[in-house]
Structures are given as C-alpha cells and as structure tokens.
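Enquirer: Would you mind keeping the following structure in view while I ask a few things?
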Amino acid sequence: MYVKQIIIQGFKSYKDQTVIEPFSPKHNVIVGRNGSGKSNFFAAIRFVLSDAYTHLGREERQALLHEGSGSAVMSAYVEIIFDNSDERFPTGKPELVLRRTIGLKKDEYTLDRKNATKNDVMNLLESAGFSRSNPYYIVPQGRVTALTNMKDSERLNLLKEVAGTQVYEARRAESLKIMHETNSKREKIDELLDFINERLAELEEEKDELRNFQEKDKERRCLEYTIYSREQQEIASFLDSLEEQRQTGVEDTDINRDRFIQGEKEMAQVDAEIAECKQQIEFLKVDKAQLEDERREASKALAQVELQAKSLSDNQAAAQESKARHDESLKAVQSAIEERQTELKELVPRFISAKDAEDAARAKLTEAETARQRLYAKQGRNSRFKNKSERDKWLQAEIKNNNASISSVQSVLSQTQEDINDIENDIALLEPETERLRQQIDGRGDTIQSVEQQVQAAKDERDRLMDQRKYVDWPRTSCATLTIHRELWREEAKLDSILINASNEVDRAERNLSQMMDHNTSRGIAAVRRIKRQHNLEGVYGTLAELFEVNDRYRTAVEVTAGQSLFHYVVDTDDTATKVLEILQHEKAGRVTFMPLNRLRTKPLNMPKASDTIPMIEKLQYDRAYEKAFQHVFGKTIICPNLQVASQYARSHGVNATTPEGDRSDKRGALTGGFHDSRQSRLDAVKNLAKWRDEYETKKSRGSEIRKELEELDQLITRAVGELQKLEQQRHQVQNSSGPLRQELRSKRDLLQKQNDNLDAKRRALRNIEGNLAALKDQVDAFEAELSSPFHKALTDEEEARLESLNSNVQEYRREYQELSGKRSELETRKSVLEVELRENLNPRLDQLLAQDADIADEDGQGNIKETQREQKRLTKVLDKLAQRLAQVDESMEQANSRVTELTQRNAESRRELEELAKSIEKHQRRMEKSMQKKAALTKQAAECAANIRDLGVLPDEAFTKYKNTDSNTVVKKLHKVNEALKKYAHVNKKAFEQYNNFTKQRETLTSRREELDASQKSIDDLISVLDHRKDEAIERTFKQVSREFATIFEKLVPAGRGRLIIQRKTDRTQRAEDDLESEDEEAKHSVENYVGVGISVSFNSKHDDQQRIQQLSGGQKSLCALALVFAIQACDPAPFYLFDEIDANLDAQYRTAVAQMLKTISDSTNGQFICTTFRPEMLHVAEKCYGVSFRQKASTIDVVSREEALKFVEEQKS
C-alpha cells in the first residue's frame, strides 16, 4: 500500500483544485523555494491523517482556508488516493479514496465518496499499520532538531510512547478511578449500616404493643368482612334476578323486533307487488285499446277485400269469351305462316342451285367473249404498226396500263371482301339476337307466370315480417301467468316506464347509502365510478362492501368489524390509486380511501381453533383475487357465541372477537356493543343499490335489444318492400314489353333482311370484280406472249382457227346462259313473293295477336281472384287472433285486479299486527328503563361493598369461615365491642413490624453489596499489578529493539564509527555507571521505575575509542544521531509510507549522501514509500520521481519535474 495520488483545493496556499500526478511507490522528492508551499503540502497530508489538526476551533479552521485575492474560499478539502492492491485496507477494492473537508461550520470525512466518522477513519488507518503510539512515519520540520536537543528523560518518555505505554497508562488510570469510586461507596454503606442498626433497636421495643393491637384489628377486619360479604351476596342475588328478568324481556323484545322488521319487509314487498300489478293493469288497458283499434282496421280491410273479390268474379266470364275468339285468329295466322315457311324452305335450295348454274354459264360466256375480243384487237392492231419495234413499244405501254388497272382492281377487290366480312359479322350478331327476341316473345307467358310467383312470394315475406314486427311472444312477469303476444314497440314503451322507475329506485338507494357515510366520501365514491367509466380503468374494482356476500346471521358482526372500511375502494396497484387521486384532486370531487392490493401486507395470526369460534373471513363469499383486502379488514377477527367467550379469546390469542349481535372485544381488552338497528344496515343498502343497478342495467340492455331487433326488422321489411317493388316493376315491364319487343323483333328482321340483300349485292360485285381481274391478267399474259412472238401484219393460221371456234362457242354459251337465267329469275320471283308475304303480312299479324293475348293475360292477372281470396283468409285469421288476444287481456286484467284486492287486504292485516308489536316493544322498553335504574343503584352499592372489602387489606384465612354461621345482629354487636377496645391503641406505631422488616432487608442488601465491593477492589489491584508488569516488559522490549536497530543503522550511516543507547537509572546518579542492556541474555535486575533517562553514546572515528555523549557532538553529528534514532524507531514499528520534511537540512555532505542511500535501501528492501522535501542534491540522485512546487498569483501548484530540472533548481538555490 502507498499514496497513489493527492488532490488539494482551498487548503492554505493551494487555492484552485490541484491534482498531483501519481507518486512512485518508492522514493519521491519535492523541491521548491521557501514560501512556495512545500510545508503546506505536508500539512495537507497531516490534515487528512489527523497527525495534527485534531480538535479545530472556528478560528483554526478559518486559518486553514486559502486567503488571497478574489472571492473568499468558504470550504477546502484534501483527498488522498491510496493504492490498496495488497488489501491492507479491508475494503476489498484496489483503491481507497480518503477525503477530509472543512468549512467555517463543518469538518467531515468521506471514505470512497461516502460519509464516515473520525473514529471510523482512525480505526481504518490503524488497521493498515498507522500506529497511534509511533507518529514518526511523519517527520515535519523541527522534529529532528527537537530529537537532537532532547534531554535523556524526554528521550525515555519517547521510548515509552513508542512502546505503547499510553494504552497501559490509560487503563491503569481507569482502574484507579474505579477503585476510588469503590472506596466512596463502601464508606456510604458503612454509614447506612450504622443508622439501620440503631433504628432496629428502637423498633424492637415497639413490637410487643403492636402485636396486641394487631390481634384486635384482625378481629375487627373479620367482622367487617362478614358484614360486607353478606351485603354483597344479597345485592348480587337481587342483580341476578334483575338480569334474568332483563334477559327474558330482551329475548321477547328481540323476537318482537325481528317480527316487526320482518313485517315491515313483507309490507314493503306487498306494496311493491301492488304497484307492479297496478302498473301491469295500466299496460293491459293500453294493450286492449290498441287491440280494439287493430280489430276495427282489420274489419275495414276485410270488407274492402270482399268487395274486390265480387267485382273480379263478375268480370271473369267476359274475359274468357274474348280470349276464345282471339285464340281462333291466332291459330289461323300461325297455320298460314307455317305453310309459307315450309314452301320457302323447299324453294331456297332450288334457287341457290339455279343461281350457281347461272353463275357458271356466265363465267364461260365471259371467258370466251374475252378471248375472241383479244384476237379481233390483235388483228386490227397489227395493221397499224410498221415494224416489230413499234408494236413492242405499244405492247409494253399496254402491259404497264393493264398492270396499273390490275392493282386498282385488286384494291377494290380487297375492300369488297372486307365489306362482305363486315356484313357477315353483322348478320352473325343479328341472327342470334333475332332468335333470342323470338324466343323471349314465345316464352313471355312463362316469364309472366314466374314473375307473378316471385311477386307473390315477396308479398308473403313482407306480410310475415310485418306480423313479426307487430307480435312477439313475451311472458308476463308479475300477476298473470299467461303468455301473450306483445308488440315490440309496446314492450319498448313499457321498458321506458320501467327504466324510469328503476332509475328512481337507484337514486333513492344511492341517497339512502350516502346518508350512512360522510358527504365527502359519498361524493368521492360517485366520482371514482364516473372516472372509471370515462377513462376505462381496468384495475378499479369497487368498494369493499360491493365485493363480498355474507349470511344475514353474521351481517351485523361483519358491519361492526369493518366499520367505514366497507366504503374503502379496492384497486390493483398504488399507481392506479395515484392516477385516480390526481383526477379527484384536480376536480375537487371528494375523498376516498384506496386499498391497493400490491401494497397490502398481512401477517399470519395464531387464530384459535375451537368449536365455539369461527374466523369471520370464512363466512364471507368473495373473489380470491381480493384476498389481501379481506384479510386486511377481517383476517384478525373471530366470531364467538357470546361476549364472555369473545373476551377470553381476545386476551389469550391477541385477536378481535365479536358476537353475531355485534358486541365486540378487541385484543387490548376494550368492550363495545349495544343495540344495532338492522333497518339501517349498510350492507343491505349496498345490496339494494346493487340490485336496482342490475335491474336498471338489465332493462336498459333489454331496451337496446328491442331497439336493435326493431331496427333489424325495419331493415328486413324495407328490404322486402324494396324487393317487392322491384319485382312489381319487373312484372310491369314484362307486361308492357310485348309491343316494344315485337317492334324490336321487326326492326331486327328488317335489318337482317337488308344485310342479307347487301351481302348478295356485294357477292355479285365481288364475282364481277374477280372476272374483270382475271380478264386483265389474261390480257397481260397475251400482250407478253405477243411481245415475245415475231411481228406479222395478219393473224396466224392457228389464231384464225381459234377465232372461228370462239365465234361458234360464244353463241352456244349465250343461249345456255339465257335459259339458266330464266329459271333462276322464276324461282327468285316466287321466293320474293313468299318472303314479302311473311314479312309484310303474316308475321305482323301474328305479333299483333300475341300482343293482344298478353294484354288479355295481364288484365286477368291484375284482378287475380286467387290473390284476393288469400288476402281475405289472412284478414279473417288476423281478426280471430285479435279476438283471442283481447279475451286474454281481459282475463289478465281481471286476475291483476283480484291480486291487487288480495294484497291490499293482506297489507292492512300486516299493518295492524305491526301496530300491536310496536306497542308491546314500547311497553317493555319502559319496564327495562326502570329495571336499569334499579340495577345502577344496586351496582353502585355492590361497588361500595367491594371497595370496603379492598380497604380491609389482606385478610386472614379465618375471616372467611369464623362468623359464617353467626347471626348478623350478633356480628354487629361484636364489631362495636372490638372498635371500643381499639381506641386504647390509638398511639401505637402501626408500621413497626413493616419498618423492622424493611430495615432488616436493607441491612442484608447493604452487607451483600459491601462484600461485592471488597471483591471488586481485589480484582482491580490484581489488574493494576498485571498492567504495571506488562508495561515494564513492553518498555524493556522496545528499548532492546530500538537500541539494536540504532547500533545497526548508525554503523551503516557512519561505517567507521559506533553508536549505542544507554538506560540511566536512579541508582546510577551517584556512580554515573552505565548499564548496557544491549545483550539480550542479561536479565533485568532492576524495575523500570528506576529508569530516569535514555542517553546516546557514539563514536564517529573508531569502534574502540572512548565514545562521546550527544551533548559533546557538533550540530551535524547531533542531527545524524537523531535521524538514526528515527530510523531505528521506524524499523521497530514499520509504517506503509513515510513523510520527511527537510530532514537533511543540518547534515554534512557526507552524511546527506549516507542518509539518501539509506532511504533508497529501506525503500527497495521493505517496499516502503518515501515522500521527502529537500534543498540538497543528494536525495535527488537516488529519487525515483521528482516534483516541483511553485507559487504564482498567491497560489501554490505542484508538478512533476525531471531530475535534471530539480538539480538545477537546487544549484540555483545554493548560489
């Protein structure tokens, strides 16, 4: 362990915080000018280690604070950081931070940043090796000089101090002080014993006269006890009689009171039932009026339906005759259309075949005429040209023109083909559309029937929902037991009335409950419930009374035990309680006591386990989640059958005990009880409030359900009505769509016919274009062949022959074409006639007849007699149901009225019984008051008798039996005689015996105490002897060690010399003989008390010459001897580190080197740390680390410097 670092602030010359760089664990040297702050640095360390500056006054503390320019320093501190790697400090940490802080009014220590006392710091330092008896690990300026100038006697005192004799002296002084106190006590005891012996002699003479007085007094007390005891027994007997009468009367009164309370409850129930029946009667009257209104409306609707049914029946015959005529016309037109379509179907294939043959003949004719025309053109053309060149030129021009024409024709051909494709696509779309319209018109009757069925189904669904909206099954809950159909809206109106009544009951129950607590608590509980709803707090459970149930037998006991705790609010955690309390405080909404479950702590109790006790908590039914709250309130209470048993268990087990009636005994012995009015029960009030709240919430929830059901029914009805309207609209569209459909079909047919005609025209045009294109291509081929042939003015023979053949073929082809064209024209004419007849005559006629058929069917559907008959049956059934319901309502009203009459009679009888019970209770109450007055007077007499008996004091045994059978008059006479005899002893000291006994006991006690003091004095004498012996041994042992170390160290410092310590005794003063105790084998023949001093004898030049006393040496030699003595003391009692302040100031150069080398040797060999200040260079040469102190602007600072800088500074100081 060593000093690792020092931090100074505000101490003497160190104003600002000065953090000194860590010290070396070996040898550290500090240099600086005089007045720079070196000594203040050492003073700071001594300030912390308490070597000095122990008991500081205000002025002394002020002197330690820095004084300089600027703001005044109000506090200062010095902090030393020790390296504790060797764990000499028992802290378990590698470092120890010790700080001392002072101010004008404070002086405190801290260990590792924690406050500590001065004793703690001193004990810790001593445990690490800082000896209180050896302060020489710190050597300030002047201490070496003081050792040099010490007298031999002072040096002996120093040796004793190092040996630790101060401890022995302190314990010896304490022992002597105790011995002095013991002697003083012994003297006082002797004085008291003398006084007691004198007083006992006086009391011995008074005992005989006192003995006679006591005999007469004993007789008096026996007689008085007999009289008082008999009077006490008479009073007790009379009190028992009164108590028996009271108990019997109380039981009768309790029975009558219970009957009275039960009668009041029954009357309240009857009144509630009467009110409910009357309310039911009002509801039934409303039902009856509404049912009669519905019956009138249903009868009116039935009459209208019957009238409509008759009208439909009259119109049905005329409709059937018109339909027969229409059916005949429709059949004739359909037959004609079928004939025409059959003929057209046979004609169309023949027409197509004839047309194909005509097209083939025309193609052959066109081809032959084209070839003949080319040959004629060639024949006439060749005559125009002179040579082949002209011909070829013309041919090439023609080929070019024809190719251009071919391109143009091909373009027209492509466009025509596209037009044909478009028309075919249109036809492909029109044909299925036309077919669909035809099928739609043909199937229109089925569609109308299907739509009619859907419309009827929608009507049935609408009527069913309307009935469901009007009527529901709802059981009656009060007087009547019948179940009748109620209307939802009517039930909703009833629930509104019930809700208002329930809300009023809740308000009444809340007012009743609030009267049982203070106003602020009532407001607070209401506010907590509101806050819970508004903020949706889950951990707020409710008041304690709301969280449990109990049997009525134990209700009074539970209320008495809980008291106002019934209204404490149970929450899950204190955080929840804090949150609610903050809101309550902000709103100023009353006061509430919370019970946070996480903060409640219950201790296990020794509950009695017996047949006549029951733990109260076992009689409560509650959720185990609230166990802590109920244990906190009820866990320490038991239920006992009576107050006597309760008192016994309360005293023996330290619990609270109560009876079922509410009488209570707590563990401190207090008894409470009396009458409890069960009609003012807080638990009943809480239960009543909870009941009406549940009723209110139930009815409110039912009202919400009804409204929701009504809304759902309204939505279903709206949806059904919408669906019905949609279907009726669809039916109307179907009924009215006959004309538009047929018009659309005609339009589609016309368009389709037009497109077919266009298609035929386009196809004919396409064939013509293809023929023209083929002719142009043949022409180009012929021109190209002619271009490659030789030039001739006339046709060749082959061409002439071909021309002749073509002329004959063209005539034949033309005749064939004309025959085929005639056949095709004939067939086409017939086909056109049939198509026009169908399109212009028969199909329109058919459409007209079908439209008329649909109209007839529509007219028949609108007056559907079946639908009217179904509506007639439905209305008849509704009237029957209404009649049945009216009969049930009448019956229910009659039953409700009978029940009201019956309950009213019962209520009147109960009221008469209650009046009689009240009179009986009042009469007994008056009797009880008289009995209580008698009991009070007798109890007072009994108390006086008991007080008189207690005044008699301790009675002899014969007092209880001696006059047991003696007549009371005789006892009174004897008492009179005894009192007369006692008058003669009025002057007697009645406390002589008591005083004699007290003085005897005191004498024995004092004698025993004196013997103890004698033994204590012997023990103290023995202790003083032992302490003296140990002190002598410690001094002799210390001298031997210091003497041996002094000789060794002196020899190291002065190798050529020799030094030793010499003990001086009283017997040596005349002879001046020296007694060298250096030899360890020599026995001590003289007591330490004979020691008068310690001398130093040294020789600096020889080990054998005569030695000199220290007084004979020079100043430097004296300082060296003093240092050798310091080193010897330190060697005997090593410290963790050493502080030397300019110890080499007065040494010669050669000895300074030796001292410096000694410090280095000790540091290396013992791992001791040295922190030294010096003005000499010798220590700097062996130092491991050098520091320089400077003084600037009236403040000191200390920094690390190199050895060279330190040496330079020392040299400058010399110059």
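Cβ atoms here come from the backbone N, Cα and C positions, even for glycine.
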Enquirer: Swiss-Prot tags one of 53-72, 313-332, 913-932 as region 'Disordered' - which one?
Expert: 313-332
Enquirer: With Swiss-Prot as the source, identify the stretch among 654-676, 723-745 annotated region 'Disordered'.
Expert: 654-676
Enquirer: Work out the three-state DSSP category of GLY32 (ATP binding site).
Expert: strand
Enquirer: When the pLDDT values for the domain 'SMC hinge' (538-650) are averaged, what is the result?
Expert: 86
Enquirer: Please list, in sequence order, every residue of the chain apart from GLY32, ARG33, ASN34, GLY35, SER36, GLY37, LYS38, SER39 whose Cβ lies within 8 Å of the Cβ centroid of the ATP site.
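Expert: In sequence order, the nearby non-listed residues are ASN40, VAL1189, PHE1191, SER1196.
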Enquirer: For GLY37 (ATP binding site), what residues in its own chain, 6 or more apart in sequence, show a Cβ-Cβ distance under 8 Å?
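Expert: The list for GLY37 (ATP binding site) reads LYS12, SER13, TYR14, VAL1189, PHE1191, SER1196, ILE1198, given in order along the sequence.
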Enquirer: Across all protein chains in the structure, which of the binding-site residues ARG33, LYS38 has the highest Cβ count within 10 Å?
Expert: LYS38
Enquirer: Sorted by position, what residues of the same chain at least six away from ASN34 (ATP binding site) have a C-beta under 8 A from it?
Expert: none
Enquirer: Give the number of CB atoms, excluding that of SER36 (ATP binding site) itself, located within 10 Å of its CB.
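Expert: Around the Cβ of SER36 (ATP binding site), 20 other Cβ atoms lie within 10 Å.
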Enquirer: Please identify, from the binding-site residues GLY32, GLY35, the residue with the sparsest Cβ neighbourhood, meaning fewest other Cβ atoms within 10 angstroms.
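Expert: Counting other Cβ atoms within 10 Å of each of the binding-site residues GLY32, GLY35 gives the minimum at GLY35.
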Enquirer: For SER39 (ATP binding site), which residues in the same chain are close in space, meaning a Cβ under 8 Å from its Cβ, but six or more apart along the sequence?
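Expert: Listed in sequence order, they are PRO140, GLN141, ASP1141, THR1173.
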